[in-house]
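These notes are about the structure you will find just below.
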Amino acid sequence: MATFNSSNTLSSTFYLSGIPGYEEFHHWISIPFCLLYLVGIMGNCTILHIIRTDPRLHQPMYYFLAMLSLTDMGMSMPTMISLFRVLWSISREIQFSTCVVQMFFIHTFSFTESSVLLAMAFDRYVAICHPLRYATILTPRLIMKIGIAALLRSACAMIPLLARLAFFPFCHSHILSHSYCLHQDMIRLACADTKFNVIYGLVLISVLWGMDSLGIFVSYVYILHSILKIASREGRLKALNTCASHICAVLILYVPMIGLSIVHRFAKHSSPLIHIFMAHIYLLVPPVLNPIIYSVKTKQIRQGVLYLLLHTKISSTMM
């Protein structure tokens, strides 16, 4: 540990942490993590495969769902290798450059997922409030532009924040709190003025997540206003049911996100287990639950999953 905490070194090597106090159980703890990553990867890949192969699903709603699956994997998969390297006692070391790249992918796709959820809210708004103009408004060209803009907005916003890390001396502890790199975890180790990073990070969260959440809220205000105008109770329930999966996806992303931000800002001296638990929920719950929710709540996806399972079973018995 003396090497890890040396205050005289400006080494570019950092050390990841597992579950403090439970190091002897790391191999056992890795089993549920393996299952969660497996469910998340298989679920999102299944969604993408069904949307790609079924021409009936080549519609705006499902294109946005494909974007959500891609961002889910983009947010969680960069953590997979470093997490299992720690839990399987392979290595705790991570180079500064690798750490920055990992941070870039985690935070970029986190902001991108928020933007995709906003786009999905707009999709539901157009489908319910302007159904006759749905296909003419949400054209494939516009959907592609929305996806590219969401990714570029998030990536460009992260560059100034991460670029400044290259100029920070890390002359104290090089031990990170998690089994992967997060910006808020890295800057607490810097022995320099990090005021810009702290303020810029807060502004970034407030502007990007704030604008997205406000856009989602406004979309649903208009959606509810239109739904209440529907005469039949069955019609209102049917319209609301088309939004149920999206509302669940919004809650699955924003609740852990807000919880993690609160813990990092206002509970710095709380148990490390709380920080680790919240971080893993934030990164693993959306990729695992989103495919399940959309498979259960969306008839076309559910039919696609059943067809895929039955087709695979029939093919295996014929062989």
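Even glycines carry a Cβ here, placed using N, Cα and C.
TrEMBL entries are annotated by machine, without manual review.
Feature annotation from TrEMBL assigns transmembrane segment to 25-51 (among others).
If you average pLDDT over the domain 'G-protein coupled receptors family 1 profile' (43-294) in this model, you get 89. Taken from TrEMBL, the feature domain 'G-protein coupled receptors family 1 profile' covers 43-294.
Sequence-distant contacts of the transmembrane segment (63-88) (same chain, at least 6 residues past either end, Cβ-Cβ under 8 Å): 16-18, 26-27, 29-30, 33-34, 37, 40-41, 44-45, 47-48, 51-52, 94, 101-102, 105-106, 108-110, 112-113, 116-117, 119-120, 123, 140, 143, 147, 150, 179-181, 249, 283-284, 286-287, 290-291, 294, 298, 301. According to TrEMBL, the feature transmembrane segment maps to 63-88 (among others).
Here TrEMBL flags 100-122 (among others) as transmembrane segment. Residues 61, 64-65, 67-68, 71-72, 74-75, 78-79, 82, 94, 146-147, 149-151, 153-155, 157-158, 161-162, 165-166, 180-183, 186, 204, 208-209, 211-213, 215-216, 219-220, 246, 249-250, 253-254, 257, 283, 286 of the same chain sit 6 or more residues outside the transmembrane segment (100-122) yet have a Cβ under 8 Å from a Cβ within it.
Under the heading transmembrane segment, TrEMBL lists 142-163 (among others).
The transmembrane segment annotation in TrEMBL covers 198-223 (among others).
Per TrEMBL, the feature transmembrane segment maps to 244-267 (among others). Non-local neighbours of the transmembrane segment (244-267) in the same chain are 68, 110, 113-114, 117, 120-121, 124, 184, 205, 209, 213, 216, 220, 274-275, 278-279, 281-282, 285-286, 289-290, 293-294, 297-298; each lies 6+ residues outside the stretch with a CB under 8 Å from one of its CB atoms.
Summarising the annotation, TrEMBL assigns transmembrane segment to 273-293 (among others).
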